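Student: Structure in structure tokens, see below.
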């Protein structure tokens, strides 16, 4: 197998890789690094934990060493935590260069960030929203000379969903030069990325991992069928089991909402499990602190929303538990990708209720693998059921007393104001839209009822026997 030197990296970068314990390039690095060094645009799609970040960091650092200036490279990423992680890779691998980087994410002081940008760092790592804000409000820097534009977790950046980056990306793309190298990396190849691949006119290099399954082989994936009302008791039982069986067991539990995340964290702490939470309702400093405590093993359990499902590289994670079955298979792939990284073993357990069977089937179809059922002692779960339900209710009451929902609403309003929207006007629009949808639904129901009545009437008419025609008088006399 070719080494880092054989695929075109300079000796100083090969030495940096050796010091970090990177002995051989991974398949995605073998495929993409030579193409990037040749100056080609690149679209790389590989499993989580396969070394995608180093696949673009290494060639960018080599090109930067040949002609160092700022701003040389812009990296866009969907989450703040991932931005800091990418910056860490640039710093470690680019240490001999005296690399200057700048992280532009929400939740931090904009004035301090603007000052950093004005100093022309070599590499800017940013979330689209905050960088677009700077481009709209500041003229102390420009990006007209950047050589590389990187989109990490490109599927998330380009897909239109609950967080739509389209407007911000348009602002950013208008600010960068047309002549540049564009690198897109993702763990899931979505329809949007396929479309981009087909529309590209400059023949970009495309690399996709050839695998029969979409998750790594070292990952033991199972599901646990549980009734909705006793899900939390099964969760507590699972956590206790893993803590007993595995020494220094490190667990990430994924939930679907900030509120559930906070409640579960409070609940597990009541059961004396060392737990921290990570969700978008937390201040940025609190999020950093939670991640740092989990990474350093001060706390062994991290309960998180999908803000932690992408890109975060915490090699020691042994178990991922999905408290809810993900609604999209690609979310499942990113979640379970937080364990079994870089060749290590890992386990992923998904709690599936009676309402989630179709979601489980969709996941199995996407990853081209059937999940094995995990069997637990139901009697042991029933023993703690009442206690878990009581503790959960106590935590809910405590959270309600802290006005958690009100804070969430205030945060939403703040975000709207930052985006230049009127919160009251937006609420009015939503109410009007809901009213129109309701009217449309009623109209469709009436049309449906009318069509069904007409159909039923025509069926009755068709089912009646034809009436015999009365004989003409002349014919009747002739017969007599």
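All residue numbers here begin at 1 and follow the chain in the order shown.
A Cβ is built for glycine as well, from the same backbone N, Cα and C atoms used for every other residue.
If you look up Swiss-Prot, you'll see 2-30 marked as motif 'Q motif'. Summarising the annotation, Swiss-Prot assigns domain 'Helicase ATP-binding' to 33-207 and lists sequence analysis as the type of evidence. The ATP binding site annotation in Swiss-Prot covers 46, 47, 48, 49, 50, 51, 52, 53, and the record cites sequence analysis as its basis. What Swiss-Prot lists as motif 'DEAD box' is 152-155. Annotated domain 'Helicase C-terminal' per Swiss-Prot: 218-382, in sequence order. The annotation region 'Disordered' is assigned in Swiss-Prot to 438-480.
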Student: Along the motif 'Q motif' (2-30), what average pLDDT does this model show?
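Tutor: Overall, the motif 'Q motif' (2-30) comes to a mean pLDDT of 90.
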Student: Going by DSSP, is residue 51 (ATP binding site) sitting in a helix, a strand, or coil?
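Tutor: DSSP call for residue 51 (ATP binding site): coil, neither helix nor strand.
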Student: Other than 46, 47, 48, 49, 50, 51, 52, 53, which residues of the same chain sit close to ATP? List them in sequence order, counting a residue when its Cβ is within 8 Å of the Cβ centroid of the site.
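Tutor: Going along the sequence, the neighbours come out as 26, 28, 187, 337.
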Student: Would you identify the secondary structure of residue 46 (ATP binding site) according to DSSP, in three states?
Tutor: coil
Student: How many other Cβ atoms sit within 10 Å of the Cβ of residue 48 (ATP binding site)?
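Tutor: Counting Cβ neighbours of residue 48 (ATP binding site) within 10 Å gives 26.
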Student: Just how many other Cβ atoms lie inside 10 Å of the Cβ on residue 53 (ATP binding site)?
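Tutor: Result for residue 53 (ATP binding site): 24 other Cβ atoms within 10 Å.
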